[in-house]
Amino acid sequence: MRKNMVAGNWKMNTTLPEAQALISEIVHMVQDETTGTPAVEVVVCPPFPFLLPVGKLIPQGGSFHLGAQNCHQKASGAFTGEVSAAMLQSVGCEYVILGHSERRQYFREDDELLSQKLKAALAAGLKPIFCVGETLETREQGDTFKHLEKQLQDGLFHLSNEEFDQVTVAYEPIWAIGTGKTATSEQAQEVHAFIREQIARAYDAKAALATSILYGGSCNAQNARELFSQPDVDGGLIGGAALKSRDFTDIIKSF
Ligand code: 13P
């Protein structure tokens with residue numbers, strides 16, 4: 001179901017006390033400043049060890065939801081150091097980010113592996129936030145659409161209609177992540193419209209209209225309103241600015 005969404009990807013940041021302080025501040029600010037009901041679904045994705053304690057500080061049954069940053073592709077077993085989708089579900093996670101460019105780049109996650117992770121997440125009842133995005137080199141070569149089409153085809157569009165219903169897509173141009181260099185709202189809109197068109201082609205027009213597509217990459221309190229005002233931009237996946245309660249709250253209030 002398409003909805004406005006702001007998701008905070010905390011990446012490998014915060015200690016437990018910092019994580020607890022951050023979520024408490026965000027919850028209080030949002031409650032105080034939006035009469036308790038922001039016009040948007042808020043997803044917070046802290047590091048694995050903080051899911052449970054952060055989840056405890058999130059008001060239940062409201063706009064706040066818990067997400068993880070990754071999961072393993074197998075349900076359980078001898079995979080030292082890994083975390084399964086069912087484990088995440090059992091500590092209150094509803095969402096899981098998959099295919100983030102940092103996972104693709106630093107941990108060699110390819111489309112085949114991501115396909116398996118998507119299946120594992122869905123089997124455990126998690127809703128995937130599936131990331132796609134191009135490098136600066138790809139953009140400058142004029143291959144952005146070709147690249148995105150391949151990531152969607154090979155990584156995502158193997159899902160059935162029912163499975164795909166559970167997916168949120170995030171467009172994160174790699175050149176904009178953590179660089180302070182945001183895509184312009186026109187660039188974001190152009191790509192989001194393209195992604196929606198690809199969904200319509202792979203599934204149908206109804207599925208395309210029902211999918212939330214988030215923008216990520218140096219999204220902040222100053223540029224969020226302009227980005228979110230684009231017809232095909234349904235919200236943001238926020239990195240750096242999600243670690244500052246004032247900024248993240250302002251982004252949530254940007255709809
Ligand atoms: P920044 O907002 O820090 O650019 O990170 C974006 C991101 O990677 C979110 O997943």
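From the backbone N, Cα and C atoms, a Cβ is placed for every residue, glycine too.
Worth saying up front: this structure is predicted, and the values here are computed from it rather than measured.
Feature annotation from TrEMBL assigns active site, electrophile to HIS100. Taken from TrEMBL, the feature active site, proton acceptor applies to GLU172. Residues annotated as substrate binding site in TrEMBL: ASN9, TRP10, LYS11, GLY178, SER218, GLY239, GLY240.
Fewest other C-beta atoms within 10 angstroms, among the recorded positions LYS11, HIS100, are seen around LYS11. Within 10 Å of GLU172 (active site, proton acceptor), judged by CA to CA distance, lies none of the binding-site residues ASN9, TRP10, LYS11, GLY239, GLY240. When the binding-site residues GLY178, GLY239, GLY240 are scored by other C-beta atoms within 10 Å, GLY239 scores highest. Among the binding-site residues TRP10, LYS11, GLY178, GLY240, the residues whose Cβ sits under 6 Å from any atom of ligand 1 are GLY178, GLY240. On a Cα basis, the residue listed as 'active site, electrophile' lies 15 Å away from GLY240 (substrate binding site).
Residues near TRP10 (substrate binding site) in space but far in sequence (CB under 8 A, at least 6 apart, same chain), listed by position: ALA19, LEU22, VAL44, CYS45, PRO46, PRO47, GLN69, ALA242, LEU243. Fewest Cβ neighbours within 10 Å among the binding-site residues ASN9, SER218: this applies to SER218. For the pair GLY178 (substrate binding site) and the residue listed as 'active site, electrophile', the C-alpha distance works out to 13 angstrom.
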